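Listed in TrEMBL for this protein:
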type	residues	note
DOMAIN	1-212	domain 'ABC transporter'
TRANSMEM	297-319	transmembrane segment
TRANSMEM	331-354	transmembrane segment
TRANSMEM	375-400	transmembrane segment
TRANSMEM	406-423	transmembrane segment
TRANSMEM	435-460	transmembrane segment
TRANSMEM	535-554	transmembrane segment
Amino acid sequence: MGPSGSGKTTLLNVLAHRNPGAKLNVAGSVYVNGSTISDTDLQSISSYVEQDDALIGSLTVRETLDFAARLSLPSTIPGHERRRRVDQLLFAFGLQNQAPTIFSTPIRKGISGGQKRRLSIASQLITAPKILFLDEPTSGLDSKASYEVIKYLKSIVRKQRLIVIASIHQPSSLTFDLFDNLLLLSAGLTCYNGPLPAIKPYFERRGLPMPLYTNPAEFLLDLTSSDFSQDEADAQRRLEKLHSAWRESSEAHAISAFVAGPSSEKDVLIGNKSRAPFLNVTLALLHRSFIKSYRDVVAYGIRFAMYIGLAVMMGTVWQRLPSTQSSIGPFTNAIFFGSAFMSFMAVAYVPAFLEDRATFIKERANGLYGAAPFMIANFLIGLPYLFLISLVFSLITYFLNNFRPTAGAFFTWVMWLFLDLLAGESLVVLMSSIFPISVVALALIAFANGLWMSVGGFLVSPEILNPFWKYVFHYIDYQAYVFRGMMVNEFGYRVYDCGKGCHCMYQSALASQCKIDGQAVLEEYGYRTGDTGNWVGIMLAIILVYRLMGWAVTHLRKT
């Protein structure tokens with residue numbers, strides 16, 4: 001315990017072998033049973049509950065615990081045992097009546113704040129760890145809810161013989177009395193470290209008696225805080241006196257003298273928590289993402305509605321274009337609009353991906369799984385959703401715009417839209433992994449899409465495009481290959497009337513019939529039929545590279 005900025009969270013991170021973002025330079029060692037311990041071994045016997053609830057809002061209380069079990073328990077534990085553990089934790093934390101209630105989403109209210117904290121703690125106890133780290137478990141709760149959280153936690157501690165190391169800011173006297181020992185910090189240094197009953201006599205011996213009917217936590221925080229002192233120098237002298245008093249105390253010397261020797265229990269403690277198999281984890285993540293995808297209206301429903309709106313707009317703006325040369329330009333514009341803006345609107349996936357990534361970062365820090373199953377599940381869960389968008393978008397626009405009316409041409413159009421969306425979403429995953437800040441990711445993805453539109457071959461022909469932009473960006477521009485594929489699909493096998501006067505804009509072998517062979521349009525852009533397979537292969541390669549780069553960044557980046 002200690003005032004804000006006293007080092008509580010930093011100490012927890014050091015003890016738990018975490019070094020998030022700050023890149024702390026840590027001196028000294030952390031011992032478990034008298035021996036130093038590796039990061040992997042510490043993860044195997046401990047769990048960490050962060051200050052923010054890293055739970056998925058669209059899952060119910062029971063589903064949250066069940067997925068925590070599926071992601072963490074080894075395959076040797078059967079399903080009925082997993083469900084028994086879930087039921088035990090629901091009962092132990094008083095959540096059995098809330099089991100079918102969702103956590104909380106922006107449009108659906110779920111469980112209360114205190115119940116959320118209890119659920120966060122329960123989800124980390126599913127593997128029965130030996131050590132539990134808690135960063136301000138009562139943050140944002142009223143005194144009643146705070147007391148309930150710590151009371152339920154203490155009952156579990158007694159039953160499971162669990163070591164709990166928690167940071168806490170300003171508990172009520174009832175909540176404070178539930179703890180066994182206190183480490184009092186100020187400015188990163190110790191002011192007291194020992195059992196709660198010894199606090200009052202310790203400070204009385206140093207001329208700092210605790211007034212009657214005073215909350216001990218408030219008394220201690222007033223002693224150790226200097227933020228609101230009118231005389232900063234006086235406050236600093238008071239803190240230095242507290243620090244030196246502790247260093248010279250018999251209690252501090254006793255702790256220094258108590259250096260535990262090696263224990264025969266080490267082999268029992270280390271490695272008692274096995275990881276779930278890779279396939280099980282991937283399937284569990286897929287299942288969890290599927291539930292989120294159909295329940296979370298904000299993350300997925302609004303995106304779908306946005307694409308439908310774009311389809312209606314495109315279908316009515318370029319409505320029923322005739323097969324005449326006057327429509328060749330509008331057809332080309334519609335193809336560019338459909339390919340470019342479908343990809344551009346993939347930026348709407350940024351908030352949903354960053355939310356999933358935040359959950360992954362916290363679950364990985366607790367040793368549940370790595371970047372590979374997360375990225376595989378993220379990729380697979382998007383495939384049917386993106387295909388559905390491509391199909392519905394095409395059903396609305398393709399026939400309204402009067403593109404080439406054959407089944408083969410229609411499904412080829414759907415294929416190109418699907419690859420376009422898949423590449424656009426893969427770019428979102430990559431950029432959001434490199435820059436996991438929503439505003440930054442959105443800005444850079446918008447810039448990238450603007451770049452792809454500019455060098456894709458529609459606005460400026462590749463023959464006259466600046467060599468730098470052509471050779472550095474044009475050939476890796478996935479929008480360029482989508483545009484080529486759609487152009488060949490429309491113009492490669494279609495004939496257009498030249499109109500009155502028979503003045504054909506494009507010269508072809510059909511000019512004598514007052515018609516234009518669509519191949520002549522393709523020749524103007526430097527495209528030809530027969531290259532579709534190559535372009536599809538390039539698209540798949542670009543998607544694969546984006547995803548592999550996203551995996552590499554996610555694997556290497558810890559925050």
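Cβ atoms are placed via backbone N, Cα and C, with glycine included.
Small disclaimer: the values here were computed from a predicted structure and weren't measured.
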Folded-back contacts onto the transmembrane segment (331-354), same chain, C-beta under 8 angstroms, at least six residues removed: 296, 299-300, 302-303, 306-307, 310, 314, 318, 321, 378, 393, 397, 401, 403, 416-417, 420-421, 423-425, 427-429, 432, 436, 438, 441-442, 445-446, 449, 452-453, 456, 458, 478-479, 482-483, 486-487, 490-491, 521
Best-contacting stretch, by C-beta pairs under 8 Å, relative to the transmembrane segment (535-554) and drawn from 375-400, 406-423, 435-460: 406-423
Beyond the flanks of the transmembrane segment (406-423) by at least 6 residues, Cβ under 8 Å: 338-339, 342-343, 346, 382-383, 386-387, 389-391, 393-394, 398, 478-479, 482, 485-486, 489-490, 493, 532, 536, 539-540, 542-543, 546
Averaged pLDDT, computed only over the residues in the domain 'ABC transporter' (1-212): 89
